[in-house]
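S.K.: Take this structure, written in structure tokens, and hold onto it; I'll ask about it next.
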Amino acid sequence: MTATRTIGIDPGTARMGWGVVEETDGVLRLVDCGVLTTSAELSQAERLLLLYNELRHLIEQYHPAAAAIEELFFGKNVNTALTVGQARGVVLLTLAQAGIPVYEYKPLQVKQALAGYGGADKRQMQEMVRLTLRLPAIPRPDDAADAVAVAICHTYAAPMIRRIEEGR
């Protein structure tokens, strides 16, 4: 009866969602989730440093065995894509320094894993997070629910990933 923890990350500079999901014998449980926030009054470098330090604290507190993060989606707003990319780089660096393997998933993969349908909207995804983890309410805020969703996606994919890695 081994418990495995996965931290899911929804990267962002102003708001970074995170969620820790634990799997024991096929049963998933939400350990904790939340959002790291930074003030717009800080410089970009100060915001990234704050995210780095806060993420390190979460890793020390929850001891995840793996991390899951959505692949970066390039929308029309180039500035948003750049700042999210910077936050994502901080996340990848922090996890690599801690020796935590990182698994990346496309938004479509996360939707298919949780809802069984790649066209699921945000509300449907949040409800599937609630149902999957048998929660009384949807995790809030939305950024935290998104992070929990990607952690669940990885938890579902992990057994197959292990088989593939063992076969190499």
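From the backbone N, Cα and C atoms, a Cβ is placed for every residue, glycine too.
What Swiss-Prot records for this protein is below:
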type	residues	note
BINDING	D10, D143	Mg(2+) 1 binding site
ACT_SITE	D10	active site
BINDING	E70	Mg(2+) 2 binding site
ACT_SITE	E70	active site
ACT_SITE	D143	active site
S.K.: Sequence gap of 6 or more, C-beta under 8 Å: which same-chain residues meet both conditions with respect to D143 (Mg(2+) 1 binding site)?
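M.R.: Those within reach of D143 (Mg(2+) 1 binding site), by Cβ under 8 Å and sequence separation of 6 or more, are D10, G12, R15, M16, G17, V35.
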S.K.: Go through D10, E70, the listed binding-site residues, and name the one with the sparsest Cβ surroundings, counting other Cβ atoms within 10 Å.
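M.R.: Minimum Cβ neighbour count within 10 Å, taken over the binding-site residues D10, E70, occurs at E70.
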